[in-house]
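S.K.: Feature table excerpt (TrEMBL):
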- 596-606: compositional bias 'Basic and acidic residues' (COMPBIAS)
- 618-629: compositional bias 'Low complexity' (COMPBIAS)
- 690-714: compositional bias 'Low complexity' (COMPBIAS)
- 715-727: compositional bias 'Basic and acidic residues' (COMPBIAS)
- 728-739: compositional bias 'Basic residues' (COMPBIAS)
- 579-640: region 'Disordered' (REGION)
- 678-739: region 'Disordered' (REGION)
- 106-143: repeat 'HEAT' (REPEAT)
- 145-183: repeat 'HEAT' (REPEAT)
């Protein structure tokens, strides 16, 4: 009944069922009356309720109802239970009053209880000194509390000495360097030296606080003292294992079960303090000073010790992920600047480990860790090969974009996917990824996927050249102006300035016309007032923008230079692909081959046949494309629909034809600078693709996706095959002539 009553009054206080004034008037006397109940459990329950009430009670009530009676309750003439209760109440009261009140009315009681004749009272009061120090400040702590702690640290009772040691460790930050070196350090050294001769429970506490102690005194240690404390830690890490390891068999007596439990607790505490001791020895010296101890803890015979080592890694997890690019580079090359051909041979477990790490992060509740991990995985093109990324990571990123429920994680996956696409060295793989992005995101049934498509396009604008974006993503982005969901159209409107920044005139004059048509159509037909408001704002911003010319302009010099560099890198990837094909063909004809080259050919044999047919990416200014042989050019014209780039070029060619017909009644773009947004008299233009493919998966025989989700046309591929083949030929011929 007493326990239930104590819990009930505590619940009333926590839920604020009545006013604090009513509570102090009605219930506080009952709580104070039962503090000295003869049953220790009942007394502690009422004490817990009182300590919680002190947080909410006004100062005057505390002073009159609790502090004043405490003067008599703490006297030596009172019972042991009464003095123990007084110690705990004093620790709570120190934070409720100003320092001068604490100094005048509370500290005298604290000193008296620290010198009590019963060791239980001295130990209890010693453990409250930390709370009291926080209430009185640094100066009073140094002048009043520290002398009491020094005296208690030399107490005849081991429990009092242990309480003093733990309090000193917790208060290290409040002591200056002189106090720590002249007062605290000698006490700590003496305590550690006597710990092995004392009760094992002292070793348990010492091992728990050792990490905090070593780092708190780090600045005042001499090299000899630093080494002594490190050796002390190492000794604790193997406590109780000497007999198992075959050492001192004649000297070590049989340990009792209780001793074994305490030794396990000591080693477990050492494992808990391992991260702190890594800082203590300096990470640069870890291999020399602490690796052997770390190895022992990882292979400890007791599961709790090994478990503590494992869960302790969370303290360095963020730092580990933050330095993941450097770590992966060292792992993949074995610490040497080896080439990409030998990376997997040096560390074959790397890719499975990275895959498992991402999967575990994905299934955990720590989405920020998952986000950071995905961001750092963007370094993989510099660590492993393009094929390894394509088959093991790239499709995983697309799955995360489409299925994960956390927006920052989706965006991190989208950007990393764009980086993988940027450094992919096989054109057919690039076309497949582009197709999937357009089909499964840009034309996805879920508006959420279409929003992520726009995020992905923003990253593509950032990472790729302007010509790349215009070639593959410009029209699919504009198609979203007809999206049935207002949020998608709204996000597209915010992206329009970046979309326009990718255009150059006169090369992209037709794309500029289509952009202006789409914006005009939004202005005329948009019914959602929020979207319409954003459209009007974006129109003003678009009008203020100046469009880049094909030639260099002084005001765009830096941006144009950066874009040219991106184009050169994209051309370089194409050239590397051609060189690899030629190299593989030459190796195939060779009769003698070294072991290393044989292994490389075996790994690439699955893709060699495909690479031989790959269509070079058509990019303006690429001189290598013009030097292809006639047979390769002829094969390009008669290829089937399995190559996605042809379908994409064919579709864009049809769109260009449609745009040229539709623009016969329009005036031309009058300027490339300000005020060029609306120069058309008809706004009825809308892209009508000839293919209504709605496939959400990609196969070797699928064509690039239609740029519209709203079309209902269905065309028989057999009857239209010749027309599509002809359009593809015309498209490729036009593209060659433009090049």
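Using N, Cα and C of the backbone, Cβ positions are placed for all residues, glycine too.
If you look at the structure here, what lies around each of the features I listed?
M.R.: Sequence-remote contacts of a segment are chain residues at least 6 beyond its ends whose Cβ falls under 8 Å from one of its Cβ atoms, and for the repeat 'HEAT' (106-143) they are 67, 70-71, 74-76, 80, 83-84, 86-88, 90-97, 99, 149, 151-152, 155-157, 159-160, 162-164, 166-167, 170-171, 174-176, 179.
For the repeat 'HEAT' (145-183), the list of distant contacts is 110-111, 114, 119-120, 122-123, 126-127, 129-130, 132-133, 136, 138, 191, 198-199, 201-202, 205-206, 209, 212-213, 216-217, 219-220: same-chain residues at least six beyond its ends, Cβ to Cβ under 8 Å.
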S.K.: DSSP helix, strand and coil counts for the repeat 'HEAT' (145-183)?
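M.R.: Counting residues per DSSP class in the repeat 'HEAT' (145-183), I get 32 helix, 0 strand, 7 coil.
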S.K.: Could you tell me how many residues in the repeat 'HEAT' (106-143) are helical, how many are strand and how many are coil under DSSP?
M.R.: 33 helix, 0 strand, 5 coil
S.K.: Over the repeat 'HEAT' (145-183), what does the predicted model average in pLDDT?
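M.R.: Taking every residue of the repeat 'HEAT' (145-183) together, the mean pLDDT is 90.
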